[in-house]
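Chemist: This is the feature table in TrEMBL:
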TRANSMEM  33-59  transmembrane segment
TRANSMEM  79-104  transmembrane segment
TRANSMEM  125-149  transmembrane segment
TRANSMEM  155-174  transmembrane segment
TRANSMEM  242-262  transmembrane segment
TRANSMEM  290-316  transmembrane segment
TRANSMEM  337-361  transmembrane segment
TRANSMEM  367-386  transmembrane segment
């Protein structure tokens, strides 16, 4: 697949599956750097000021946003605390700093050190940024306690929303094709490329990090000339790793649903809440929208992702007797929705930090928080280990448009 020169506002779509490969923006370096800097400023404000507060029957509490992670240590949940801290604060902060570093480097006559390594890390870190999921978890938490206590939204809450939205905008604005071309240029295409044939049949493959097409050796592996990433015609033992991770996730999902994910104490009466029990409680008290959100994120999404990946693993080795485009779209959907299951974990983290007024009112994390976090992480790893190129093996590789050049389209979807 060769990408044609693109103008700002144009994008290149795959001629076989329709997936957007590249979308070109005007002033890409300035755009991404300004968004990343703004997000870092919003994050700094969030960390300085209080996040949310509550008061009930003369007893109240006010927390900073980082306490949603640190308070879990008090309840002997260090792994869950680490997951929350990494997904919401540490990895997003490092990602934003990396974007600023790289885009500023591109404006200088000489590139800053470590630019190539930092650029490689961006694609590996991006799937684990969950500040937007944390917003949904916060909203669910507020609705859960709205009828029991008076809730206050402080400066840190509003700045966190700005930070999460700017972080999302930064990830969407980053043009990795332009970034790598600006960092290292584009080496000459390997000799002897034949149009209308698959890369694998010509011992070629595309780099998963920078997109450069490179030649592989007789063993089906190689090294990208531009970014140094390892190349494989197909990921080694992709299906075996995916099966192993899916089996692990299925095992973890059992205690995640059997054990309570949190305990709620009200006027000395402690009640355990499983994931399903929490959904039933919310629905019985009229909070149907929140109950639906929790049910979809914590039940439908994990089970659906497990079943989808199991089905993809089963059909991938077979001859191409099913629609590959449908399978490819299903795979992209599993990649997209997997991280949203962390909503319930974030709800537990926020409520545990905010509500601890002893026997009057308190929330503590339950034993299910750890295995459920494991389910989310392991299913994400399973999706990453699955090689979607397996879905196209055996199909006629001739492009639909008669050549191997992606079609540039503008923002309205018109072909240039």
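Even glycines carry a Cβ here, placed using N, Cα and C.
Curation does not apply to TrEMBL; its annotations are automatic.
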Chemist: Taking 3+ C-beta pairs under 8 angstroms (sequence gap of 6 or more) as contact, is the transmembrane segment (242-262) in contact with the transmembrane segment (125-149)?
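Modeler: In this chain the transmembrane segment (242-262) does not contact the transmembrane segment (125-149) - fewer than 3 Cβ pairs sit under 8 Å.
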Chemist: For the transmembrane segment (125-149), what are the same-chain contacts with Cβ under 8 Å, counting residues 6+ beyond its ends?
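Modeler: Answer is 52, 54-56, 60, 86-88, 91-92, 94-95, 98, 157, 160-161, 163-165, 167-168, 171, 266, 282, 285, 287, 290, 293-294, 297, 335, 339-340, 342-347, 349-351, 354-355, 361, 380, 384.
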Chemist: May I ask whether the transmembrane segment (337-361) has at least three C-beta pairs under 8 Å with the transmembrane segment (155-174), counting pairs 6 or more apart in sequence?
Modeler: no
